[in-house]
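The block underneath contains the structure these notes are about, expressed in structure tokens.
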Amino acid sequence: MTLGSLENKSSISSTFLLSGIPGLEHMHMWISIPLCFMYLVSILGNCTILFVIKTEPSLHEPMYLFLSMLALTDLGLSLCTFPTVLGIFWMGARDIGHDACFAQLFFIHCLSFLESSVLLSMAFDRFMAICRPLHYSSILTNTVISRIGLASLGRSVALIFPLPFMLKRFPYCGSPVLSHSYCLHQEVMKLACADIKANSIYGMFVIVSTVGVDSLLILFSYALILRTVLSIASRAERLKALNTCVSHICAVLLFYTPMIGLSIIHRFGKQAPHLVQVIMGFVYLLFPPLMNPIVYSVKTKQIRDSVTHAFCH
């Protein structure tokens with residue numbers, strides 16, 4: 001065995017190093033306070049949404065059943081990033097084993113693409129409620145909603161399942177430092193000492209076939225909704241119809257904007273400051289689970305009334 005091969009073997013890493021906020025390591029303990037608060041609000045908010053939908057019979061309707069799927073997905077996203085993020089900021093625990101990292105990125109990506117599917121399902125729900133109101137209850141039955149949920153979950157799992165195995169076959173050498181406080185496929189594959197073309201192509205295929213297709217279908221559904229709303233004679237009725245979509249539009253923007261931004265930065269923004277990547281990463285995974293319960297509680301009267309009733313009694 002040559003000296004070069006010995007050096008290469010010794011440089012192969014068995015763990016990855018997660019990162020906090022570069023340049024602000026001395027303030028990590030203070031930064032952990034708002035981060036912990038955001039996680040707490042996110043977890044409690046989504047649990048509250050799930051609780052009121054389950055316990056309030058008047059909310060057992062398609063719109064709120066889809067909302068419960070969204071809350072469950074957001075809760076999962078918060079829980080699968082919570083240990084590593086706060087581990088870094090509380091205790092400086094940056095090391096993560098390969099298998100643990102692959103498992104985390106599987107759940108992060110799977111839940112992210114599941115959320116995309118749920119948002120598309122919610123757009124279909126709004127389309128049926130506004131454009132086909134007479135067929136709404138007969139088409140969106142509990143059985144159909146369950147099948148939509150299972151199909152969305154199945155698509156996400158099927159597309160993301162190969163990723164950990166594709167990453168596991170690579171050796172990782174050199175500096176094993178990741179840019180974020182959690183594992184992402186596009187970050188981990190860049191550390192491999194091998195040809196990652198197949199991973200890159202498959203990763204792009206997954207994004208286009210999920211986020212790309214879902215976002216286009218959501219835009220199409222809202223074009224049809226807008227056409228139907230503009231044909232309504234009464235201005236009050238037009239505003240009432242559009243008002244039922246405001247919460248969903250906010251959820252769509254909260255989810256797709258940081259996700260697309262982060263993907264663009266990882267793939268094409270190599271000159272972007274590292275701090276921008278880190279901040280976009282936190283926005284991508286923290287803001288949708290944090291803001292969705294707040295948006296729906298504020299903008300949806302039935303949810304707001306049910307939450308108030310639950311806490312007052």
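The backbone N, Cα and C atoms fix where each Cβ goes, glycine too.
The transmembrane segment feature in TrEMBL is assigned to 29-53 (among others).
For 45-296, the entry in TrEMBL reads domain 'G-protein coupled receptors family 1 profile'.
Sequence annotations record features per position, and here TrEMBL assigns transmembrane segment to 65-90 (among others).
Residues 63, 66-67, 69-70, 73-74, 76-77, 80-81, 84, 96, 148-149, 151-153, 155-157, 159-161, 163-164, 167-168, 182-185, 188, 206, 210-211, 214-215, 217-218, 221-222, 248, 251-252, 255-256, 259, 285, 288 of the same chain lie 6 or more positions beyond the ends of the transmembrane segment (102-124) yet place their CB under 8 Å from a CB of it. Residues annotated as transmembrane segment in TrEMBL: 102-124 (among others).
Sequence-distant neighbours of the transmembrane segment (144-167) (same chain, 6+ residues past either end, Cβ-Cβ under 8 Å): 62, 65-66, 69, 102-103, 105-106, 109-111, 113-114, 117-118, 121, 185, 188-189, 192, 198-199, 202-203, 206, 209-210. Per TrEMBL, transmembrane segment is recorded for 144-167 (among others).
Positions annotated as transmembrane segment by TrEMBL: 201-225 (among others).
Taken from TrEMBL, the feature transmembrane segment applies to 246-269 (among others).
TrEMBL lists 275-296 (among others) with the feature transmembrane segment.
Panel annotation: around the transmembrane segment (201-225), residues 109, 113, 116-117, 119-120, 123-124, 126-127, 130-131, 155-156, 159-160, 162-163, 166, 185-186, 189, 241, 245, 249, 252, 256, 259-260, 263, 267 of the same chain, lying at least six beyond its termini, place a Cβ under 8 Å from a Cβ of the stretch. Across 29-53, 246-269, 275-296, the stretch most heavily in contact with the transmembrane segment (65-90), judged by Cβ pairs under 8 Å, is 29-53. Predicted-model confidence for the domain 'G-protein coupled receptors family 1 profile' (45-296) is 89, expressed as mean pLDDT.
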